[in-house]
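J.: Before I ask anything, here is the structure I am working with.
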Amino acid sequence: NNHGLQIQQQQQRNLSLHEYMSMELLQEAGVSIPKGHVAKSPDEAYAIAKKLGSKDVVIKAQVLAGGRGKGTFESGLKGGVKIVFSPEEAKAVSSQMIGKKLFTKQTGEKGRICNQVLVCERRYPRREYYFAITMERSFQGPVLIGSSQGGVNIEDVAAETPEAIVKEPIDIVEGIKKEQAVRLAQKMGFPPSIVDSAAENMIKLYNLFLKYDATMVEINPMVEDSDGAVLCMDAKINFDSNSAYRQKKIFDLQDWTQEDERDKDAAKANLNYIGLDGNIGCLVNGAGLAMATMDIIKLHGGTPANFLDVGGGATVHQVTEAFKLITSDKKVLSILVNIFGGIMRCDVIAQGIVMAVKDLEIKIPVVVRLQGTRVDDAKALIADSGLKILACDDLDEAAKMVVKLSEIVTLTKQAQVDVKFQLPI
């Protein structure tokens, strides 16, 4: 039952927080977690380990990338999660993490800088479970997901033993009921003596999910420890960027050192940008058209350097910022602008293109394909600018042209020849 609500699709850029920040939110919500604190220097790590007073503590590198346990630091240290047995060892290990880049499968060769570590007590799990809350289209709302197989990659569990994953949809209007949480805890295999405790933690996590407009709360693992207590050992929370206006406290926590510089600039200019490995820059309005443009470039033997959707209501300023983003990538050898003007006016895009080409002194070829609202005004603006911008009405032709031009620029670079492009308007 969707209560007659019309679900409107929106562009979404999810915010991810560091584990220690997520754990602090869990603690505030009354969820059971191991004791621990974040350290920004080896000396702080020493002091926290000493204060915890347990015979062994866990040092966890704080980087926004998966697979840290199997990663390698530039210091040579293997693994982003380490068990240590003294405050001195905590200091030594954290000194090989803090201020160093961690390389994992997810980060690739760029790596991610580790600026802090989480120092926490070691607990001994008797059993590990997987628990998550996410939004699922098939249920038109939130769903609780649980599995008796925690502490491992849930994608592997889904592929190998899908029956080990259980789901409990929640009616977003009525909210979570205790019997739903209890039912899930039982299906996940929690012993009867701690089913209620597990269910209570699930309800608190669901309330946190709602309170902060999260798109996902993932606990892997949720455990029964050797004392028979239910604990959340790790937390990953994603937040919907559309809620930034009412979740200022959360969005102010964003760690920009973990983001690609270009993603940071794109977020400031309110552009949907993803950097890729190719050499043909793309500037398009609408995510669907942007993907189709990348496909047609690939079809003609080229490789896109980015996904960039300027959206339906782009301003001259945003178009200029989009060009800055594209040209900041030194791999880009040619640019294809593909605009279909519905709400978006082609003449506004043309003004932005002309301004960007002039201000940024763009030396690489720019191919522009414009169709729709005020297209004739746009073409006149480009023609009157006196700039060497190549206009083309047909997308297929435009794609062929931009691929060919990128090949020519590649050849001139290899031959170390400086070529000035005199393109017909």
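Heads up, the Cβ atoms here are built off N, Cα and C, so glycines get one too.
From Swiss-Prot, here are the annotated features:
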- 1-14: transit peptide (TRANSIT)
- 23-250: domain 'ATP-grasp' (DOMAIN)
- LYS40: N6-acetyllysine (MOD_RES)
- TYR46: phosphotyrosine (MOD_RES)
- LYS50: N6-succinyllysine (MOD_RES)
- LYS50: N6-acetyllysine (MOD_RES)
- ASP56: site 'Important for substrate specificity' (SITE)
- LYS60, GLY67, ARG68, GLY69: ATP binding site (BINDING)
- LYS91: N6-acetyllysine (MOD_RES)
- LYS101: N6-acetyllysine (MOD_RES)
- LYS105: N6-acetyllysine (MOD_RES)
- TYR124: site 'Important for substrate specificity' (SITE)
- LYS178: N6-acetyllysine (MOD_RES)
- ASN220, ASP234: Mg(2+) binding site (BINDING)
- SER241: phosphoserine (MOD_RES)
- ASN285, GLY342, ILE343, MET344: substrate binding site (BINDING)
- THR303: phosphothreonine (MOD_RES)
- LYS330: N6-acetyllysine (MOD_RES)
- LYS400: N6-acetyllysine (MOD_RES)
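Tell me what's around each of these sites.
T.: DSSP assigns LYS40 (N6-acetyllysine) to coil, not to a helix or a strand.
Listed in sequence order, PRO87, GLU88, ALA90, LYS91 are the same-chain residues six or more apart from TYR46 (phosphotyrosine) with CB atoms under 8 A from its CB.
A C-beta separation below 8 Å, combined with a sequence spacing of at least six in one chain, links LYS50 (N6-succinyllysine) to PRO87.
Classification of ASP56 (site 'Important for substrate specificity') by DSSP places it in coil, neither helical nor stranded.
Contacts of GLY67 (ATP binding site) defined by a Cβ separation under 8 A and a same-chain sequence distance of 6+ are given as THR104, LYS105, GLN106, in order along the sequence.
All protein chains included, LYS91 (N6-acetyllysine) registers 21 other Cβ atoms within 10 Å of its own Cβ.
In this structure, LYS101 (N6-acetyllysine) is part of a beta strand by DSSP.
For LYS105 (N6-acetyllysine), the number of other Cβ atoms no farther than 10 Å from its own Cβ, over all displayed protein chains, is 10.
Look at TYR124 (site 'Important for substrate specificity'): DSSP puts it in coil.
Taking all protein chains in view, 12 other C-beta atoms sit within 10 angstroms of the C-beta of LYS178 (N6-acetyllysine).
If you take the C-beta of ASP234 (Mg(2+) binding site) and look for same-chain residues 6 or more apart in sequence within under 8 angstroms, you find GLU19, ILE219, ASN220, PRO221.
SER241 (phosphoserine) has a Cβ environment of 18 other Cβ atoms inside 10 Å. In the three-state DSSP scheme, SER241 (phosphoserine) is classed as helix.
Taking Cβ-Cβ distances under 8 Å and a sequence separation of 6 or more, the neighbours of ASN285 (substrate binding site) in its chain are ASP309, VAL310, GLY311, GLY312, ALA314, ILE339, PHE340, GLY341, MET344, ILE349.
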J.: Within 10 Å of the Cβ of GLY342 (substrate binding site), how many other Cβ atoms can you find? Include all protein chains, please.
T.: 12
J.: Whole-number Å only: compute the distance from the Cα of LYS40 (N6-acetyllysine) to the Cα of GLY69 (ATP binding site).
T.: 20
J.: For a quick check of packing: other C-beta atoms within 10 Å of the C-beta of ILE343 (substrate binding site), how many?
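T.: The answer is 12 other Cβ atoms.
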J.: Would you mind ranking the recorded positions ARG68, GLY69, LYS101, TYR124, MET344 by how many other Cβ atoms sit within 10 Å of each Cβ and giving me the lowest?
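T.: Ranked by other Cβ atoms within 10 Å, the recorded positions ARG68, GLY69, LYS101, TYR124, MET344 bottom out at TYR124.
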J.: What's the longest C-alpha separation between any two of ASN285, GLY342, ILE343, MET344, the listed substrate-binding residues, in angstrom?
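T.: Largest Cα to Cα distance for the substrate-binding set is 10 Å.
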J.: Can you tell me how far the Cα of GLY69 (ATP binding site) sits from the Cα of ASP56 (site 'Important for substrate specificity'), in Å?
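T.: That comes out at 18 Å between the alpha carbons.
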J.: Per residue, counting other C-beta atoms within 10 angstroms of the C-beta, which of the recorded positions ASN220, THR303 reaches the highest number?
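T.: Selected residue: ASN220.
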